[in-house]
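Structure record follows, encoded as structure tokens.
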Amino acid sequence: MAPSFDFVDWWNKEQHRGGTPVVVKMENPNYSMLEIESPKTGFEGGKDKGKNAKQLTWVLLLKAHRAAGCVAWVALGLWTVLAAIKKRLILGQGLADPNTERPRKGRLFKAITGFLVFAIFMLCVEVGAHMMGWHFVGPHWPPAFGVRNLPHAIYVGWIYFRAEYIAPPLQFLINFCIYLFLLQSADRILLCLGCLWIKWKNIKPIPVNSSLESDDLEQPDKGYPMVLVQIPMCNEREVYEQSIGAVCQLDWPRHRMLVQVLDDSDDVETQFLIKGEVSKWQQKGVNIIYRHRTNRTGYKAGNLKSAMNCAYVKDYEFVTIFDADFQPKADFLKRTLPHFRDNPELGLVQARWSFVNKDENLLTRLQNINLSFHFEVEQQVNGVFLNFFGFNGTAGVWRIKALEECGGWLERTTVEDMDVAVRAHLCGWKFIFLNDVRSMCELPESYEAYRKQQHRWHSGPMQLFRLCLPDIITSKVSALKKANLIFLFFLLRKLILPFYSFTLFCIILPVTMFVPEAQLPVWVVCYIPALMSFLNVLPSPRSFPFLIPYLLFENTMSVTKFNAMISGLFQLSSAHEWVVTKKTGRASEADLLSLQESKPPPAKLSRGASESGLDALKQKQEQMHLPPPPLVPSAPKKKANRLYRKELALAFLLLTAAARSLLSAKGVHFYFLLFQGISFLVVGLDLIGEQVS
């Protein structure tokens with residue numbers, strides 16, 4: 001197995017502190033295990049001074065062992081990184097086949113490489129000048145000095161040129177990025193204050209009439225509206241069974257609900273398996289149908305659009321969408337649909353996500369911090385104060401009339417969910433976010449899957465901004481709503497955030513080490529980012545130990561987000577790529593049953609083993625005159641770790657700048673550059689998240 005770089009296990013072990021007796025177990029096998037009986041009495045003054053001295057010795061010894069454990073973990077982490085550098089960079093072992101995995105050398109990578117070459121060259125020059133004793137308080141042209149030789153004259157000329165022609169425009173760019181940074185930080189603080197106000201006042205959406213029961217004794221289910229439930233999927237072999245099973249067990253009258261399994265799979269065996277699972281639930285009396293497209297035109301948007309064009313959709317009033325890895329609780333519809341009653345202006349009810357694998361590894365823990373803030377703060381505050389937020393694409397209920405009025409699903413971007421939400425908002429429909437209604441789902445466990453997901457999530461909004469800006473300007477909504485959409489929703493949170501994160505902390509900061517005349521204040525490097533990270537972690541208090549890794553990882557991800565933002569803004573080819581996020585099927589059927597905390601459906605359905613085996617499908621395919629699936633399942637592709645070139649180039653750039661900062665004795669800048677460089681190195685070597693052979 002490949003080496004890992006994760007302190008999650010170490011932290012979990014450190015949680016078992018205190019108790020009688022106390023056992024301190026070192027992770028390093030060279031240390032022995034020490035068991036110490038804890039004192040039975042507290043520290044008292046006057047009497048038993050000898051006993052108190054022993055107690056103090058015991059406390060100091062315990063703290064020393066904890067410190068030794070921390071040092072051992074740091075040493076182990078450093079050794080892991082060095083071993084990975086040797087194995088993956090030098091020897092090239094355990095990596096994807098370079099013939100099949102050829103990364104494209106984009107302009108961003110070439111620009112970073114150019115900065116790296118410049119930094120290495122200037123580091124050599126500065127070290128040589130330092131050894132020669134060429135130290136200058138300020139830039140002056142040679143008459144102020146006695147020029148010793150030609151290299152000395154060249155170096156003095158460089159200092160003068162640097163101070164007069166490079167530092168001023170660089171300082172202007174620094175000030176501009178700081179202004180954007182403060183603007184975005186103010187927005188983040190206002191969102192947090194809004195969330196605190198909601199918590200303090202206990203503000204939450206409450207339906208006017210929470211009961212759906214009909215007064216007609218002969219037809220008690222007449223008050224339940226007709227609901228269409230859609231499960232779009234594509235080659236979701238790992239999770240199709242649990243998602244279909246969860247949706248089929250929703251507590252709702254069967255004759256007033258229809259489940260559509262919208263399959264875009266191009267794998268024949270997966271198609272038969274999903275078909276068999278649908279047949280199983282059909283035999284149990286669930287209204288469920290299977291729809292398959294042979295052409296993935298429009299990806300998810302095209303899939304949903306095709307399903308909404310069915311003639312029977314006109315009989316339904318609401319549509320609920322669940323991605324293939326989502327497992328709603330049985331009472332999901334009963335907690336969301338009552339909000340539509342007596343509220344004709346309501347177009348969307350969005351539920352919150354919760355994650356079955358948030359503690360799987362360091363990567364999933366950091367994702368949980370980000371998404372917890374997104375739902376707890378951003379979605380909730382915007383829903384309460386603005387009645388608008390971006391639809392998350394799943395775990396939401398739409399009024400079909402709202403979808404039809406705004407034009408339905410369009411295939412023009414890779415964020416079809418945000419697209420339809422913006423258009424519905426411009427048509428005057430209101431949204432509600434329910435923070436207390438949750439649907440279980442799965443987080444990407446590998447960095448490759450997470451990186452592709454983030455690329456789509458950050459390139460799509462820029463595509464959408466280009467397309468819908470004329471519609472926003474010419475719409476009939478108020479000027480306040482237009483300003484919110486343009487300046488806050490798109491520019492500040494989708495464009496400015498990745499721009500200054502990458503430019504300020506990954507490019508400008510290391511460059512200032514080689515152009516010391518341009519100053520980047522310490523509070524921009526340390527204090528404000530720490531405060532923003534602290535606010536991000538607030539919605540998930542258990543994640544406070546990961547505050548610093550979160551700060552470093554977010555800066556590391558800025559290169560991917562910046563690249564995606566540029567790609568979407570300028571309509572580059574990568575902006576139209578759609579890669580289905582890889583899933584592992586962590587949530588088992590037992591996990592799903594444990595989540596059914598509410599009252600079960602009137603006709604309880606058994607969740608036995610899957611009946612969608614290939615033997616049963618052979619008989620069905622013969623009746624349908626379909627070609628048989630392959631007798632021997634095709635062997636899955638062998639997994640392998642990857643090297644991420646942009647992250648590695650930035651890692652060496654930051655580490656080079658950290659070495660240069662030692663000559664300037666800039667302590668905070670040195671530590672930030674050092675740890676940020678190590679963070680880029682860990683990600684570039686694919687040491688975060690799922691590790692494969």
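Using the three backbone atoms N, Cα and C, a Cβ is placed for every residue, glycine included.
Annotation source TrEMBL lists transmembrane segment at 64-85 (among others).
What TrEMBL lists as transmembrane segment is 112-137 (among others).
The feature transmembrane segment is assigned by TrEMBL to 172-198 (among others).
For the domain 'Glycosyltransferase 2-like' (319-525), the mean pLDDT of the prediction comes to 94. Annotation source TrEMBL lists domain 'Glycosyltransferase 2-like' at 319-525.
Packing against the transmembrane segment (485-514) from elsewhere in the chain are residues 115, 118-119, 122-123, 126, 170, 173-174, 177-178, 180-181, 183-184, 187, 390, 422, 425, 458, 461-462, 464-465, 469, 472, 520, 524-525, 529, 554-555, 558-559, 561-562, 564-565, 569, 650, 653-654, 656-658, 660-661, 664, 666, 669, 672-673, 676: each is 6 or more residues past its ends and has a CB under 8 Å from a CB in it. Per TrEMBL, transmembrane segment is recorded for 485-514 (among others).
Taken from TrEMBL, the feature transmembrane segment covers 520-538 (among others).
Tertiary neighbourhood of the transmembrane segment (669-688): same-chain residues 2-6, 80-81, 84-85, 88-89, 361-363, 447-448, 505, 509-510, 512-513, 520, 522, 525-526, 548-549, 552-553, 555-556, 641-648, 650-655, 657-658, 661-662, selected by CB-CB distance under 8 Å and a gap of 6+ residues from either end. The transmembrane segment annotation in TrEMBL covers 669-688 (among others).
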